[in-house]
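Notes to accompany the following structure.
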Amino acid sequence: MPAVLGLEGSANKIGVGVVRDGKVLANPRRTYVTPPGTGFLPGDTARHHRAVILDLLQEALTEAGLTSEDIDCIAYTKGPGMGAPLVSVAVVARTVAQLWNKPLLGVNHCIGHIEMGRLITGATNPTVLYVSGGNTQVIAYSEHRYRIFGETIDIAVGNCLDRFARVLKISNDPSPGYNIEQMAKRGKKLVELPYTVKGMDVSFSGILSFIEDIAQRMLATGECTPEDLCFSLQETVFAMLVEITERAMAHCGSQEALIVGGVGCNVRLQEMMETMCQERGARLYATDERFCIDNGAMIAQAGWEMFQAGHRTPLSESGITQRYRTDEVEVTWRD
């Protein structure tokens, strides 16, 4: 019954999780929140992570009811993500692994999301829509790889939403995407925005530029409200994501869809995906904010799968990489 401790800190969330044989024993998390109208810079984010990670580590062990002797492996996010925050977590992971004399495992952040989604929902072989602030991909498993069927060709959908939140000076607490979602529920008017699907890929930068350009003029003249703009942006970008996910499901003959990543806890996106799945006779799987948003337990779960399959990361190879594609990893723990 191996227990794996996972450390995640690729963006503005820092989390430490403990997983033992498919059960999440602990999953504390902190968020670096910046003032409205601003984003989070790598250096400032890393300083936040360094300030809280040791307290989180102790909190996770206490919550799990374990000591360092009970931990069998230390897993950490190798990438992708922001360089400075990734480094701050990797240094702690390497140090703890050596102090406790435990094996180390570098985990792909995207695969952490997928494996956590599969664990929590019970989905067996779903087509995955992975949507977050840094990534937007449609993924399906085949021959020991998570294959990318479609993705953004510029910015991620979460980044698009976050940056529009800055235009409207929406609060970053608890997250700009969540606050856009709440405002969108009060929107009444659909403002026509560019709809950019290119084969299996999507593009969000043009939509963002367009809505940034028209927002202040339309608000000043009373043509629409901030809530209308949030509603319109969500409806447009989510429709694009549903389209490419359905196309991937048709290609794979899949009867399961799984939404993972921070944007995946958006209820409106889940509703639109549910409608598509019902029309196809398929089933939708999704998780709530405990497991959709970046967390340590997802790294622990992916690390647990890798540990059981015999993976280990030598200290000499325990660096980080900001670019680490989902399909680079050989998935030896699946048939």
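Glycine is treated like the rest: Cβ placed from N, Cα and C.
What you are looking at is a predicted structure, and each value in this text was computed from that prediction instead of being measured.
Among the features that TrEMBL reports, domain 'Gcp-like' is placed at 29-300. Marked as divalent metal cation binding site by TrEMBL: HIS109, HIS113, TYR130, ASP294. Per TrEMBL, the feature substrate binding site maps to TYR130, VAL131, SER132, GLY133, GLY134, ASP162, GLY177, GLU181, ASN266.
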Winner by Cβ contact number (other Cβ atoms within 10 Å) across the binding-site residues HIS109, HIS113: HIS113
Nearest-integer angstrom distance between the alpha carbons (Cα) of HIS113 (divalent metal cation binding site) and ASN266 (substrate binding site): 16
Distance from ASP294 (divalent metal cation binding site) back to SER132 (substrate binding site), taken between C-alpha atoms, in Å: 9
Those binding-site residues listed as GLY134, GLY177, and which of them has the most Cβ atoms within 10 Å of its own Cβ: GLY177
For ASP294 (divalent metal cation binding site): intrachain residues, at least 6 apart, with Cβ closer than 8 Å: GLU8, SER10, ALA11, LYS13, GLY15, ARG29, HIS109, SER132, GLY262
CB-centroid shell, 8 A cutoff, divalent metal cation site HIS109, HIS113, TYR130, ASP294, site residues removed: SER10, CYS110, GLY112, ILE114, SER132, ASN135, VAL260, GLY261, GLY262, MET298
Across the domain 'Gcp-like' (29-300), average pLDDT on the 0 to 100 scale: 98
Diameter of the substrate binding set by C-alpha atoms, the set being TYR130, VAL131, SER132, GLY133, GLY134, ASP162, GLY177, GLU181, ASN266, in angstrom: 18
Alpha-carbon spacing, GLY177 (substrate binding site) to TYR130 (divalent metal cation binding site), which is rounded to whole Å: 15
